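Feature annotations, reproduced from Swiss-Prot:
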ACT_SITE  C176  active site, thioimidate intermediate
BINDING   205-228  NADP(+) binding site
Amino acid sequence: MLNEFPIFDYEDIQLIPNKCVIKSRAEADTSVTLGNHTFKLPVVPANMQTILDENVAEQLAKGGYFYIMHRFDEAGRIPFIKRMHNQGLIASISVGVKDYEYDFVRQLKTDAPEYITIDIAHGHADSVISMIQHIKKELPDTFVIAGNVGTPEAVRELENAGADATKVGIGPGKVCITKVKTGFGTGGWQLAALRWCAKAARKPIIADGGIRTHGDIAKSIRFGASMIMIGSLFAGHIESPGKTIEVDGEQFKEYYGSASQYQKGAYKNVEGKRILLPAKGHLQDTLTEMEQDLQSAISYAGGRQVADLKHVDYVIVKNSIWNGDASH
């Protein structure tokens with residue numbers, strides 16, 4: 001039962017260092033394998049309209065990073081798969097669970113993407129289980145990621161249905177207001193929820209939401225994530241699709257949630273909000289900094305590779321120096 005687990009979030013945890021065994025942090029290997037492919041980092045930009053478009057997806061794939069294209073340009077998905085495959089790049093797309101998506105999946109048989117993410121807010125649902133089974137029947141070689149979920153029961157059910165990985169996180173994101181609108185979610189205890197789910201998982205888990213610092217990537221690995229989905233840290237770059245807005249001479253980029261009125265174009269079942277983020281530099285600079293910080297984390301863990309982070313000790317530090325949403 002959950003009540004037997006300590007409840008904590010990212011800011012409540014500090015990892016405890018081990019003796020360093022590498023001469024330089026540059027020796028630490030940050031690569032991870034998901035399915036049949038290996039990627040430079042265990043992170044994936046959130047599949048949201050203000051985080052990536054086709055050009056950003058292509059840049060990530062060319063650079064050796066994992067990506068998941070969002071599902072909000074439905075007609076563009078098949079041309080996108082062609083565009084990627086024509087360049088020898090992996091195709092990774094998202095689908096929903098509406099009836100017409102079943103026909104869409106059938107259309108992919110001639111040119112199947114390597115990865116499909118079934119992307120709905122409450123992924124522990126019969127509709128998701130049915131879609132997993134459908135994709136596995138029609139496209140047996142495609143790696144299926146399903147989510148989002150927040151309990152071990154959900155992880156087990158989706159894995160048993162055929163999901164190759166599950167995405168854990170209900171509403172902990174910076175522009176997600178599910179917890180406020182519904183009273184449900186993993187906001188405020190996302191890291192404990194990840195740990196709880198990972199103990200039940202037999203397949204990879206993607207931690208999704210609540211990442212505020214690069215150190216949170218190492219903490220996610222420690223508590224069972226194979227890959228970490230990140231929104232706000234990847235938003236606001238020069239290449240990001242969000243609109244650039246000037247306020248008092250300063251440049252900002254918009255960032256909004258996938259169930260916000262800005263994304264939906266209508267105020268109905270809204271569980272996301274819009275914020276403005278100070279415009280950042282290039283996406284590659286952030287990826288490089290994440291890699292260097294993760295290499296440092298691996299060296300503090302006394303390790304040589306990402307998996308070595310899974311074995312470090314930790315302490316729970318309540319009332320820590322940050323508070324979840326405070327600006328760091």
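Every residue, even glycine, has its Cβ placed from backbone N, Cα and C.
On the structure: features taken from Swiss-Prot.
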{"residue": "C176", "record": "active site, thioimidate intermediate", "DSSP class": "strand"}
{"residue": "I205", "record": "NADP(+) binding site", "DSSP class": "strand"}
{"residue": "I211", "record": "NADP(+) binding site", "DSSP class": "coil"}
{"residue": "I217", "record": "NADP(+) binding site", "DSSP class": "helix"}
{"residue": "F223", "record": "NADP(+) binding site", "DSSP class": "coil"}
Cα-Cα, whole number of Å: D208 (NADP(+) binding site) versus C176 (active site, thioimidate intermediate)? 12
How big is the Cα-to-Cα gap, in Å, between H214 (NADP(+) binding site) and the residue listed as 'active site, thioimidate intermediate'? 20
Candidate binding-site residues I205, I211, I217, S220, S226, pick with smallest Cα gap to C176 (active site, thioimidate intermediate): I211
These are the binding-site residues: S220, S226. Which one scores highest on other Cβ atoms within 10 Å? S220
Enumerate same-chain residues with a sequence separation of six or more from F223 (NADP(+) binding site) and a Cβ-Cβ distance below 8 A; give 'none' if the list is empty. L191, L194, R195, A198
Same chain only, sequence gap of 6 or more: which residues have a CB within under 8 Å of the CB of I211 (NADP(+) binding site)? Y10, I217, S220, I228, I230, G231, S232, L233
Relative to the Cβ of I205 (NADP(+) binding site), which residues of the same chain, six or more apart in sequence, are found under 8 Å away? V155, A165, T166, K167, V168, L194, C197, A198, G224, A225, S226, M227
